[in-house]
């Protein structure tokens, strides 16, 4: 996740906002007493998801169905997972081993985003069950979920709608019921039903497109199964974007940058430097990139800045597009470092993820380090290894010297506490600590240690 930290207010850690009661604040100690209320039980774990989605741009809803393969580590009749602001229409729990559908009683705790399924009998330990949920969600004009956005045609009044996602940190539950904590990793197979005027993208490569009606107005895009990953990294975009693409035949990878048609010429800088950055990071980490494709999409009103969804990185337009007739070197640096930050996450955050959000510095600290030193390997003339001292270390010293500072590992429990944890300490101080570690270990030892860390 790449955000404008200079404009982000730092939370007073003595207070924790309680999201279901606007206006009510609890002390940090009171929030700690309730920390288990927001965490899922470890007993039920997902191993795979199959997700079917159909966005409806006429009434700004989407129709969804998710089938989750789950298992219990000990017998239980209760399954609790996350959902938020959706209408669940049908829930089915199947004991696949015995080909038996279990009767369930389903309730919810909306204050904690919990969907609670109570089966008529216990689930056996270490046996796979299929949990199938049908639902209707909403394409709200809010860039922290599966949301709608406008694409203006040639910057005039006419516009078309697109749907995109931004799930970090607790937004996936708005798009599909899921175990929405980073430690509950699983595979995801995405299918998107769309009209013929749009295309769809997701994390994994497209397998096939099926025509589902006789007149050719509806198509189903079927995507490959992802590697095991956290729910917040799932992504999809449904739009009328066009792309520029490039195939790295030597490494069997295809790169694409998607944007509004009238901006397509501005995507070439990002496309070319992306190939160099991925190859540089593969060499640095000694760990190949998991996908044979890398999609990047320029979203018109993307508030987060950029998001490291595995295999499908999304950006604010100005952080990936470069107009060579007007852009300065600083513009190119900003785009290159943003891409390098998100590509760093493809290993540090996507491949290796924190168990919980208190350790988010393991994502953002490494990405901040790669933001500068990744670009330095392909553009040494910019001297970003030296600029790191001014841009990152000095900023970290400034924010770490005030009363609102906190450790880079900070306990967080509620969704709002999690969001507030993405601050300068997590990015700049953590990145500075990693650079210091490199300096006292030496670069070669640091690299070998990181390579081992990724392979554990």
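Placed from the backbone N, Cα and C atoms, the Cβ positions cover glycine too.
Curation plays no part in TrEMBL annotations; they are all automatic predictions.
As the structure is a computational prediction, the values presented were derived from the model and not from experiment.
For 45-233, the entry in TrEMBL reads domain 'Aminopeptidase N-like N-terminal'. Sequence annotations record features per position, and here TrEMBL assigns domain 'Peptidase M1 membrane alanine aminopeptidase' to 269-455. The Zn(2+) binding site annotation in TrEMBL covers 341, 345, 364. What TrEMBL lists as active site, proton acceptor is 342. Residues or ranges marked as site 'Transition state stabilizer' by TrEMBL: 427.
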Close recorded positions near residue 427 (site 'Transition state stabilizer'), where close means Cα within 10 Å, chosen from 341, 342, 345, 364: 364
Neighbouring C-beta atoms (10 Å sphere around the C-beta of residue 364 (Zn(2+) binding site)): 30
Nearest-integer angstrom distance between the alpha carbons (Cα) of residue 342 (active site, proton acceptor) and residue 364 (Zn(2+) binding site): 10
